[in-house]
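As recorded in Swiss-Prot:
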- HIS67: active site, proton acceptor (ACT_SITE)
- ASP68, VAL71, GLY73, ASP75, SER77: Ca(2+) 1 binding site (BINDING)
- PRO163: substrate binding site (BINDING)
- HIS193: heme b binding site (BINDING)
- THR194, ASP245, SER248, ASP253: Ca(2+) 2 binding site (BINDING)
- CYS36-CYS115: disulfide bond (DISULFID)
- CYS69-CYS74: disulfide bond (DISULFID)
- CYS121-CYS321: disulfide bond (DISULFID)
- CYS200-CYS232: disulfide bond (DISULFID)
- 1-25: signal peptide (SIGNAL)
- ARG63: site 'Transition state stabilizer' (SITE)
Amino acid sequence: MEKNTSQTIFSNFFLLLLLSSCVSAQLRTGFYQNSCPNVETIVRNAVRQKFQQTFVTAPATLRLFFHDCFVRGCDASIMIASPSERDHPDDMSLAGDGFDTVVKAKQAVDSNPNCRNKVSCADILALATREVVVLTGGPSYPVELGRRDGRISTKASVQSQLPQPEFNLNQLNGMFSRHGLSQTDMIALSGAHTIGFAHCGKMSKRIYNFSPTTRIDPSINRGYVVQLKQMCPIGVDVRIAINMDPTSPRTFDNAYFKNLQQGKGLFTSDQILFTDQRSRSTVNSFANSEGAFRQAFITAITKLGRVGVLTGNAGEIRRDCSRVN
């Protein structure tokens, strides 16, 4: 009896290991080596050209990748035109330059006869994300490929799937852990806010109406409050965009974490990473060592790129990223 029980436990353990490695085994670097060997160069050139037109290309593409992966997995469902995920309020603020970056890169890839209709929009978005990180001074990293494009994109599927500006650490960890991402991964990915921007309407409560007894969030730097009030005065258009990193907003560096140490996190969900003792040591580590942040970011963005992917014969290779075939 004990022997059979041991065999069953071992079999179940082996099955779990097999399932957990399944996605990463199907995604791999060099996936298009035979079908479209120059895909990475083609995407790189297209993204660089778009980036030269507007810096917004970088934060917009990064945010687009994150939003895509957290809703139905990294399947480019965010790219599908309305009615779709893009109709949800959490996605309506996504900058058009992110979508345009993927469209331009897809056009460049498909203009090569050897590559036409062979590379998924999901993979192009993953590659474009790496390129904007590099273009802003961040680390380069190998991108696993082999994703297929999803056929489903609905407004309802976005509900409660994306982190909110007022989230506390428990809420952040809970949401990220559902996708196999650790607290360290979450903090590293939050570091991408170093080149991010946000709209006045998303943070004004912290500086004008934080609580019934306290107008200003006590965790926010008072000098930073003055700056924010100048950029987002009462009555301003809530869509006005401001940088999330007030020191080096166009450079992918560890300044975001140094800002948190000074109380200069734009969102509650940013500043909580430092004010909560459970995550403070990681923030301090990344603030003290850009190398530590860069390595953690590479690990986290790679894991993010594996979330909910479609591979093999699942999904499709979309001819037009904005609509299913």
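Quick reminder: no glycine exception, Cβ is built from N, Cα and C everywhere.
Features recorded in Swiss-Prot, as mapped to the structure shown.
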residue: ARG63; record: site 'Transition state stabilizer'; contacts (Cβ under 8 Å, 6+ apart): LEU94, ALA95, GLY98, GLY196
residue: HIS67; record: active site, proton acceptor; contacts (Cβ under 8 Å, 6+ apart): ILE78, GLU85, ASP90, ASP91, LEU94, LEU162
residue: ASP68; record: Ca(2+) 1 binding site; contacts (Cβ under 8 Å, 6+ apart): CYS74, ASP75, ALA76, SER77, ILE78, MET79, ALA122, LEU125
residue: CYS69; record: disulfide bond; contacts (Cβ under 8 Å, 6+ apart): HIS179, LEU304, GLY305, VAL307, GLY308
residue: GLY73; record: Ca(2+) 1 binding site; contacts (Cβ under 8 Å, 6+ apart): GLY150, VAL307, GLY308, VAL309, LEU310
residue: CYS115; record: disulfide bond; contacts (Cβ under 8 Å, 6+ apart): TYR32, SER35, CYS36, ASN38, VAL39, ILE42, VAL109
residue: CYS232; record: disulfide bond; contacts (Cβ under 8 Å, 6+ apart): CYS200, MET203, SER204, ILE207, ILE240, ILE242
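Considering other CB atoms within 10 Å as the measure, the emptiest surroundings among the binding-site residues ASP75, ASP245, ASP253 are those of ASP253. Shown are the recorded positions CYS36, VAL71, CYS74; the one with the most C-beta atoms within 10 angstroms of its own C-beta is CYS74. Taking the C-alpha atom of PRO163 (substrate binding site) as reference, the shortest distance to any of the recorded positions ASP245, SER248, CYS321 belongs to ASP245. Recorded residues HIS193 (heme b binding site) and SER248 (Ca(2+) 2 binding site) have their alpha carbons 11 Å apart, per Cα-Cα distance. Listed in sequence order, THR194, ALA255 are the same-chain residues at least 6 apart in sequence whose CB falls under 8 Å from the CB of SER248 (Ca(2+) 2 binding site). In this structure, the residue listed as 'heme b binding site' is part of a helix by DSSP. Summary of the Ca(2+) 1 site environment: with the site residues ASP68, VAL71, GLY73, ASP75, SER77 set aside, the chain residues having Cβ atoms within 8 Å of the Cβ mean position are CYS69, PHE70, ARG72, CYS74, ALA76, ILE78, GLU85, ALA122, GLY150, SER153, GLY308. In this structure the alpha carbons, written CA, of VAL71 (Ca(2+) 1 binding site) and CYS121 (disulfide bond) are 16 Å apart.
Listed in chain order, the extra residues whose Cβ falls within 8 Å of the Cβ center of the Ca(2+) 2 site residues THR194, ASP245, SER248, ASP253 are ILE195, THR247, PRO249, ARG250, THR251, PHE252, ASN254, ALA255, TYR256. Its own atom aside, the Cβ of PRO163 (substrate binding site) has 19 Cβ atoms within 10 angstroms in the protein chains shown. Every protein chain considered, the tally of other Cβ atoms within 10 Å of the Cβ of SER77 (Ca(2+) 1 binding site) stands at 29. Most Cβ neighbours within 10 Å, among the disulfide-bonded residues CYS121, CYS200, CYS321: CYS121 holds that distinction in the structure as shown. Within 10 Å of the C-beta of the residue listed as 'heme b binding site' there are 25 other C-beta atoms, taking all protein chains into account.
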